[in-house]
(Lines of atoms letter the chains of each structure in order from A and count residues from 1; the text may use other names and numbers.)
(Lines give C-alpha, C1' and ligand atoms only; values in the text may rest on other atoms or scores of the structure.)
Protein backbone atom coordinates (compact mmCIF):
# COMPACT_ATOMS: atom_id res chain seq x y z
CA UNK A 1 0.00 0.00 0.00
CA UNK A 2 1.56 3.29 -1.14
CA UNK A 3 1.95 6.36 1.08
CA UNK A 4 -0.32 8.28 -1.32
CA UNK A 5 -3.14 5.75 -0.88
CA UNK A 6 -2.67 5.73 2.89
CA UNK A 7 -2.80 9.54 2.99
CA UNK A 8 -6.02 9.47 0.95
CA UNK A 9 -7.46 6.95 3.39
CA UNK A 10 -6.59 9.14 6.37
CA UNK A 11 -8.14 12.24 4.74
CA UNK A 12 -11.33 10.28 4.07
CA UNK A 13 -11.37 9.08 7.69
CA UNK A 14 -11.02 12.64 9.00
CA UNK A 15 -13.84 13.98 6.80
CA UNK A 16 -15.95 11.00 7.87
CA UNK A 17 -15.50 11.92 11.54
CA UNK A 18 -16.73 15.48 10.91
CA UNK A 19 -19.93 14.31 9.21
CA UNK A 20 -20.58 11.55 11.77
CA UNK A 21 -19.92 13.88 14.71
CA UNK A 22 -22.40 16.40 13.33
CA UNK A 23 -24.96 13.66 12.64
CA UNK A 24 -25.16 12.78 16.34
CA UNK A 25 -26.36 16.31 17.11
CA UNK A 26 -28.82 16.64 14.24
CA UNK A 27 -30.32 13.21 14.95
CA UNK A 28 -30.59 14.01 18.65
CA UNK A 29 -32.42 17.22 17.74
CA UNK A 30 -34.77 15.24 15.49
CA UNK A 31 -35.39 12.67 18.24
CA UNK A 32 -36.33 15.44 20.67
CA UNK A 33 -38.83 16.89 18.21
CA UNK A 34 -40.28 13.44 17.48
CA UNK A 35 -40.55 12.60 21.20
CA UNK A 36 -42.74 15.66 21.71
CA UNK A 37 -45.16 14.40 19.07
CA UNK A 38 -45.30 10.64 19.68
CA UNK A 39 -43.74 7.61 21.37
CA UNK A 40 -40.04 8.26 21.91
CA UNK A 41 -37.37 5.99 20.41
CA UNK A 42 -36.10 4.94 23.84
CA UNK A 43 -39.53 3.47 24.58
CA UNK A 44 -39.63 1.56 21.29
CA UNK A 45 -41.31 4.22 19.13
CA UNK A 46 -40.46 5.04 15.52
CA UNK A 47 -42.10 8.45 15.16
CA UNK A 48 -38.66 9.90 14.37
CA UNK A 49 -38.93 8.30 10.92
CA UNK A 50 -41.45 11.03 10.05
CA UNK A 51 -39.17 13.82 11.24
CA UNK A 52 -37.16 15.69 8.50
CA UNK A 53 -34.53 16.85 11.01
CA UNK A 54 -33.76 13.26 11.95
CA UNK A 55 -33.43 12.36 8.28
CA UNK A 56 -31.00 15.27 7.80
CA UNK A 57 -28.88 13.81 10.58
CA UNK A 58 -29.20 10.39 9.00
CA UNK A 59 -28.00 11.79 5.66
CA UNK A 60 -24.99 13.32 7.40
CA UNK A 61 -24.21 9.95 8.94
CA UNK A 62 -24.60 8.18 5.57
CA UNK A 63 -22.12 10.60 3.98
CA UNK A 64 -19.74 10.10 6.88
CA UNK A 65 -20.05 6.32 6.76
CA UNK A 66 -19.52 6.36 2.98
CA UNK A 67 -16.29 8.30 3.45
CA UNK A 68 -15.32 5.92 6.25
CA UNK A 69 -16.15 2.96 4.02
CA UNK A 70 -13.91 4.36 1.28
CA UNK A 71 -11.12 5.00 3.80
CA UNK A 72 -10.89 1.28 4.62
CA UNK A 73 -10.04 0.57 0.99
CA UNK A 74 -6.94 2.78 1.17
CA UNK A 75 -5.72 2.53 4.78
CA UNK A 76 -5.60 -0.22 7.43
CA UNK A 77 -8.45 -0.47 9.94
CA UNK A 78 -6.05 0.02 12.84
CA UNK A 79 -5.28 3.47 11.39
CA UNK A 80 -8.76 4.49 10.23
CA UNK A 81 -10.78 3.54 13.32
CA UNK A 82 -8.88 5.56 15.96
CA UNK A 83 -9.26 8.71 13.87
CA UNK A 84 -12.94 8.60 14.77
CA UNK A 85 -11.84 10.49 17.90
CA UNK A 86 -12.39 13.68 15.91
CA UNK A 87 -16.13 12.91 15.86
CA UNK A 88 -16.11 13.19 19.67
CA UNK A 89 -14.76 16.73 19.48
CA UNK A 90 -17.27 17.71 16.80
CA UNK A 91 -20.26 16.22 18.63
CA UNK A 92 -19.18 17.53 22.04
CA UNK A 93 -18.72 21.10 20.79
CA UNK A 94 -21.97 21.08 18.78
CA UNK A 95 -23.87 19.53 21.71
CA UNK A 96 -22.59 22.37 23.90
CA UNK A 97 -23.71 25.00 21.34
CA UNK A 98 -26.86 23.51 19.79
CA UNK A 99 -28.31 21.19 22.43
CA UNK A 100 -27.21 23.17 25.48
CA UNK A 101 -25.52 20.04 26.88
CA UNK A 102 -22.75 21.80 28.75
CA UNK A 103 -19.21 20.52 28.28
CA UNK A 104 -17.25 21.03 31.51
CA UNK A 105 -13.49 20.99 32.09
CA UNK A 106 -13.36 17.23 32.64
CA UNK A 107 -15.32 16.62 29.42
CA UNK A 108 -12.84 18.75 27.50
CA UNK A 109 -9.93 16.90 29.09
CA UNK A 110 -11.55 13.59 28.15
CA UNK A 111 -11.81 14.67 24.51
CA UNK A 112 -8.16 15.69 24.53
CA UNK A 113 -7.12 12.34 25.98
CA UNK A 114 -9.08 10.47 23.30
CA UNK A 115 -7.20 12.41 20.62
CA UNK A 116 -3.87 11.76 22.35
CA UNK A 117 -4.52 8.03 22.65
CA UNK A 118 -5.67 7.78 19.04
CA UNK A 119 -2.56 9.55 17.74
CA UNK A 120 -0.41 7.20 19.81
CA UNK A 121 -2.04 4.21 18.13
CA UNK A 122 -1.93 5.72 14.65
CA UNK A 123 1.77 6.64 14.84
CA UNK A 124 2.76 3.13 15.94
CA UNK A 125 0.37 1.02 13.88
CA UNK A 126 1.89 -1.84 11.85
CA UNK A 127 1.83 -1.71 8.04
CA UNK A 128 -1.08 -3.56 6.46
CA UNK A 129 -0.54 -6.62 4.29
CA UNK A 130 -1.30 -6.28 0.58
CA UNK A 131 -4.65 -7.88 -0.32
CA UNK A 132 -5.34 -8.76 -3.97
CA UNK A 133 -8.99 -9.93 -3.93
CA UNK A 134 -12.14 -10.10 -1.85
CA UNK A 135 -11.68 -13.88 -1.70
CA UNK A 136 -8.38 -13.38 0.12
CA UNK A 137 -10.14 -11.19 2.71
CA UNK A 138 -12.95 -13.75 3.03
CA UNK A 139 -10.41 -16.51 3.65
CA UNK A 140 -8.90 -14.45 6.46
CA UNK A 141 -12.39 -14.11 7.94
CA UNK A 142 -12.81 -17.91 7.83
CA UNK A 143 -9.84 -18.48 10.13
CA UNK A 144 -10.82 -20.31 13.36
CA UNK A 145 -9.70 -17.37 15.53
CA UNK A 146 -11.83 -14.77 13.74
CA UNK A 147 -14.77 -17.16 13.35
CA UNK A 148 -14.61 -17.67 17.11
CA UNK A 149 -14.66 -13.89 17.65
CA UNK A 150 -17.60 -13.48 15.24
CA UNK A 151 -19.66 -16.27 16.84
CA UNK A 152 -18.90 -14.96 20.33
CA UNK A 153 -19.93 -11.42 19.29
CA UNK A 154 -23.19 -12.58 17.72
CA UNK A 155 -24.05 -14.62 20.83
CA UNK A 156 -23.39 -11.63 23.10
CA UNK A 157 -25.48 -9.35 20.84
CA UNK A 158 -28.42 -11.79 20.93
CA UNK A 159 -28.09 -12.18 24.71
CA UNK A 160 -28.06 -8.39 25.22
CA UNK A 161 -31.05 -7.85 22.91
CA UNK A 162 -33.23 -10.63 24.33
CA UNK A 163 -32.36 -10.73 28.02
CA UNK A 164 -30.52 -7.58 29.13
CA UNK A 165 -31.97 -4.72 27.05
CA UNK A 166 -35.63 -5.20 28.14
CA UNK A 167 -34.68 -4.78 31.82
CA UNK A 168 -31.60 -2.55 31.84
CA UNK A 169 -31.41 -0.89 28.42
CA UNK A 170 -33.12 2.31 29.54
CA UNK A 171 -30.93 2.77 32.63
CA UNK A 172 -27.50 1.45 31.63
CA UNK A 173 -25.78 3.13 28.67
CA UNK A 174 -23.45 0.16 28.09
CA UNK A 175 -26.29 -2.17 27.00
CA UNK A 176 -27.35 -0.43 23.80
CA UNK A 177 -23.84 0.80 23.02
CA UNK A 178 -22.43 -2.69 23.61
CA UNK A 179 -24.80 -4.02 20.93
CA UNK A 180 -23.77 -1.20 18.56
CA UNK A 181 -20.06 -1.69 19.16
CA UNK A 182 -20.03 -5.46 18.70
CA UNK A 183 -22.10 -5.20 15.52
CA UNK A 184 -19.87 -2.36 14.35
CA UNK A 185 -16.67 -4.36 14.78
CA UNK A 186 -18.10 -7.04 12.48
CA UNK A 187 -19.40 -4.51 9.94
CA UNK A 188 -15.98 -2.83 9.72
CA UNK A 189 -14.32 -6.07 8.64
CA UNK A 190 -16.96 -6.55 5.94
CA UNK A 191 -16.59 -2.90 4.90
CA UNK A 192 -12.88 -3.52 4.52
CA UNK A 193 -13.59 -6.43 2.17
CA UNK A 194 -16.16 -4.44 0.18
CA UNK A 195 -13.86 -1.44 -0.08
CA UNK A 196 -11.11 -3.62 -1.53
CA UNK A 197 -13.62 -5.30 -3.87
CA UNK A 198 -14.84 -1.97 -5.25
CA UNK A 199 -11.33 -0.55 -5.60
CA UNK A 200 -10.17 -3.61 -7.55
CA UNK A 201 -13.36 -3.61 -9.66
CA UNK A 202 -12.77 0.01 -10.69
CA UNK A 203 -9.21 -0.94 -11.57
CA UNK A 204 -10.48 -3.59 -13.99
CA UNK A 205 -10.46 -6.71 -11.80
CA UNK A 206 -14.21 -7.39 -11.37
CA UNK A 207 -14.84 -8.65 -7.83
CA UNK A 208 -18.64 -8.53 -8.18
CA UNK A 209 -18.54 -11.96 -9.83
CA UNK A 210 -17.72 -13.65 -6.53
CA UNK A 211 -20.37 -14.81 -4.06
CA UNK A 212 -18.14 -13.73 -1.17
CA UNK A 213 -18.73 -10.09 -2.12
CA UNK A 214 -22.48 -10.46 -1.61
CA UNK A 215 -22.00 -12.26 1.69
CA UNK A 216 -20.04 -9.22 2.88
CA UNK A 217 -22.81 -6.90 1.65
CA UNK A 218 -25.39 -8.89 3.64
CA UNK A 219 -23.28 -8.72 6.80
CA UNK A 220 -22.85 -4.96 6.41
CA UNK A 221 -26.60 -4.38 5.92
CA UNK A 222 -27.60 -6.44 8.97
CA UNK A 223 -24.92 -4.93 11.21
CA UNK A 224 -25.61 -1.34 10.13
CA UNK A 225 -29.37 -1.72 10.67
CA UNK A 226 -28.69 -3.11 14.14
CA UNK A 227 -26.31 -0.26 14.95
CA UNK A 228 -28.75 2.39 13.72
CA UNK A 229 -31.66 1.05 15.77
CA UNK A 230 -29.84 0.77 19.09
CA UNK A 231 -27.80 3.94 18.63
CA UNK A 232 -31.07 5.85 18.19
CA UNK A 233 -32.33 4.35 21.46
CA UNK A 234 -29.13 5.36 23.27
CA UNK A 235 -29.20 8.89 21.84
CA UNK A 236 -32.83 9.31 22.85
CA UNK A 237 -32.23 8.25 26.45
CA UNK A 238 -28.77 9.55 27.32
CA UNK A 239 -26.75 12.75 26.98
CA UNK A 240 -25.00 13.05 23.60
CA UNK A 241 -21.77 14.15 25.30
CA UNK A 242 -21.78 10.77 27.07
CA UNK A 243 -23.04 8.56 24.23
CA UNK A 244 -20.47 9.77 21.69
CA UNK A 245 -17.24 9.11 23.67
CA UNK A 246 -18.45 5.87 25.31
CA UNK A 247 -19.52 4.51 21.92
CA UNK A 248 -16.22 5.64 20.38
CA UNK A 249 -14.12 3.89 23.05
CA UNK A 250 -16.04 0.60 22.87
CA UNK A 251 -16.26 0.61 19.08
CA UNK A 252 -12.57 1.47 18.62
CA UNK A 253 -11.26 -1.18 21.01
CA UNK A 254 -13.47 -3.94 19.58
CA UNK A 255 -12.69 -2.99 15.97
CA UNK A 256 -8.94 -2.96 16.54
CA UNK A 257 -9.21 -6.30 18.38
CA UNK A 258 -11.17 -7.78 15.46
CA UNK A 259 -8.62 -6.35 13.00
CA UNK A 260 -5.67 -7.84 14.88
CA UNK A 261 -7.38 -11.25 15.08
CA UNK A 262 -8.39 -11.25 11.42
CA UNK A 263 -5.27 -9.84 9.75
CA UNK A 264 -2.77 -11.25 12.28
CA UNK A 265 -0.59 -8.17 12.12
CA UNK A 266 3.01 -8.82 13.12
CA UNK A 267 4.12 -6.27 15.69
CA UNK A 268 7.20 -5.65 17.78
CA UNK A 269 7.09 -5.52 21.57
CA UNK A 270 7.58 -1.74 21.40
CA UNK A 271 4.55 -1.36 19.10
CA UNK A 272 2.36 -3.55 21.31
CA UNK A 273 3.32 -1.65 24.49
CA UNK A 274 2.85 1.75 22.85
CA UNK A 275 -0.53 0.80 21.41
CA UNK A 276 -1.49 -0.55 24.84
CA UNK A 277 -0.67 2.87 26.33
CA UNK A 278 -2.84 4.43 23.61
CA UNK A 279 -5.74 2.16 24.53
CA UNK A 280 -5.43 3.06 28.21
CA UNK A 281 -5.28 6.77 27.37
CA UNK A 282 -8.44 6.54 25.25
CA UNK A 283 -10.36 4.66 27.93
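Note: Cβ is positioned from N, Cα and C throughout, glycine not excepted.
Per TrEMBL, these features apply:
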TRANSMEM  6-26  transmembrane segment
TRANSMEM  69-99  transmembrane segment
TRANSMEM  105-125  transmembrane segment
TRANSMEM  146-167  transmembrane segment
TRANSMEM  173-196  transmembrane segment
TRANSMEM  208-230  transmembrane segment
TRANSMEM  242-263  transmembrane segment
If I count Cβ-Cβ pairs under 8 A between the transmembrane segment (146-167) and each of 105-125, 173-196, 208-230, 242-263, which range comes out on top? 173-196
Mind pulling out the one from 6-26, 105-125, 173-196, 208-230, 242-263 with the most Cβ pairs under 8 angstroms to the transmembrane segment (69-99)? 6-26
Same-chain residue ranges lying at least 6 outside the transmembrane segment (6-26) that approach it to Cβ under 8 Å: 53-54, 56-58, 60-61, 63-68, 70-75, 79-80, 83-91, 94-95, 98-99, 235, 240, 243-244
